[in-house]
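Student: Could you have a look at this structure, given as structure tokens, before my questions?
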Amino acid sequence: MDTSPMDDALKKDSRASTICMKISNWAFHVCSMIVRFAFQLIYGKKGEKMPDISDPILLESASSLAKKIRKQELTSVQVMEAFIKRIYDVNPLLNCMVDERFRDALLEAKAADDLIKSGKYTEKQLAIEKPFLGVAISTKDCIAVKGMLNTSGLYSRRDYRASEDADAIALMRNAGAIPFALTNVSEVCMWWESNNVVHGRTRNPYDTNRIVGGSSGGEGCMQAAAASPLGLGSDIGGSIRMPAFFNGIFGHKPSKNVVSNKGQFPQPFTEEQYSFLGIGPMVRHAEDLRPILKIIAGDKAEHLNLDEPVDLSKLKYFYQENDGGGRYVSEVDHDIVDGIHRIVKHLKTKFNVPVKQIQIEEFRQSAALWFANMKDDSGYGFERQLGNLKTSINPYTEMLKWFFGAKHTFIGLLTAMLDKAQCQYGSPKYHHLVKKRNKLRADMEELLGNNGVLIYPTHPTVAPYHIEPLFRAINFSYTGIVNVLGFPATSVPLGKLGSEGLPIGVQIIANCNQDRLCLAVAEELEKAFGGWVRPQISI
């Protein structure tokens, strides 16, 4: 069949674009290797050794601690004191905690013990009505806890304190949990290294020269260091799952519109953005994911059917080893690919089921799809977020000031500068990418159905060195694509540390409102591979 001159021109443009992408990706990978070599020279050997975990209380799951408190095998005060001591041991090294309410938390722990001793409720009643009675909980410094800092890493909010609890925190309080510590974030929660001018930089417990991720990086670090029995994070582009992965813990981003986002700063500005953002659990033990999600989902928990048993032998399993070659995205580490292969072998052997390898080509455009779908016409761009939503900063002027003593992070200002260079709301490119996202969502809904899961890298590399994310900025796309699709996803550690002595893992993705599938697979993989590994073993 003859082709028109227009068809020929489009083919030539496509070929030229493909060649340019290959050249740019080759250059990116070469530059990445040079940058990595430079950071290895700068940092040298691994960072300082972590304090050992000497108290067995720190090793138990939150669910186990709650049960022992109800049975009066442990007191809430004992548990609280153990975690407070652990924070004092590790925080000078890691800088994961940024605010505390230890005195009030201990008083509330004593009140919980008194309630249990009073006999007002039976053990069974407490398990149903207050399943986490007396258990300490931490959360990130963008989720409001009454009386505690709520800065979101923003200098202009450095003294701001929350006047009431975020909805998710209020629900956990009602379930008996006791807020006791606040953890570090990236500035305005829009970068994947937790560092800001208010609280400084948080360090990875497996290697203090490495990042903890962001924006829930302080919480990921806190959990990995066994300094809190359970925590909450929030995720709009991977802010739960990347820190969970880098720190070797479990983290779950719920299905869209299930958990209330009320009480976060900054709040989403449109219904579409609201659906991308989700508050979820961050824990060391997979058994804690389900009960925490059931609590924070509130009335919407009924949509998730979390008590419905999952027969793992009847699920459809799919896996994809990489994004197919996204522009300026790192290649997936061999250790992570090997981890996926170990999962596939385990599922095939134990459940005698097929595990199908797939290649969703649209994943190559994950970053472009995320950036476009995050755009809105609210007028609250990143410049205004850095201005505490009251005014828009001038990022160029602030960048000049940065060299002489900054009130913003370098990456925050750079992000504000690049914000307007991205695809703009309402443009032809915007509509094209939104349409593409919608088709991808429909295709994946059909693929996964109500009994399918996708095993996919959480991130292409293990935790990079501090500042190194500047040179690998688009790597967040492995998690970001899930947010704009609205699907649930659980970051799962795979026990054995990788060749660099750092945690490795995957994310398990399911269809909307099929969170229980992700959680069931996470529990199985923990049994098979060990889950969280004590940090001091690696150092």
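Each residue, glycine too, has its Cβ placed from N, Cα and C.
Note that TrEMBL annotation is computational and uncurated.
Annotation comment: TrEMBL describes LYS140, SER215 as active site, charge relay system. Annotated active site, acyl-ester intermediate per TrEMBL: SER239, in sequence order. The domain 'Amidase' annotation in TrEMBL covers 79-519.
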Student: Quiz question: given the active-site residues SER215, SER239, which has the greatest number of C-beta atoms lying within 10 angstroms of its own C-beta?
Tutor: SER239
Student: Cα-Cα, whole number of Å: SER215 (active site, charge relay system) versus SER239 (active site, acyl-ester intermediate)?
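Tutor: Between the alpha carbons of SER215 (active site, charge relay system) and SER239 (active site, acyl-ester intermediate) there are 5 Å.
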Student: Write down the Cα-Cα distance for LYS140 (active site, charge relay system) and SER239 (active site, acyl-ester intermediate), rounded and given in Å.
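Tutor: Distance (Cα to Cα, whole Å): 11 Å.
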Student: With every protein chain in view, what's the tally of Cβ atoms within 10 Å of the Cβ of LYS140 (active site, charge relay system), excluding that atom itself?
Tutor: 34
Student: Let me know the model's mean pLDDT on the domain 'Amidase' (79-519).
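Tutor: Here the predicted model's pLDDT, averaged over the domain 'Amidase' (79-519), is 97.
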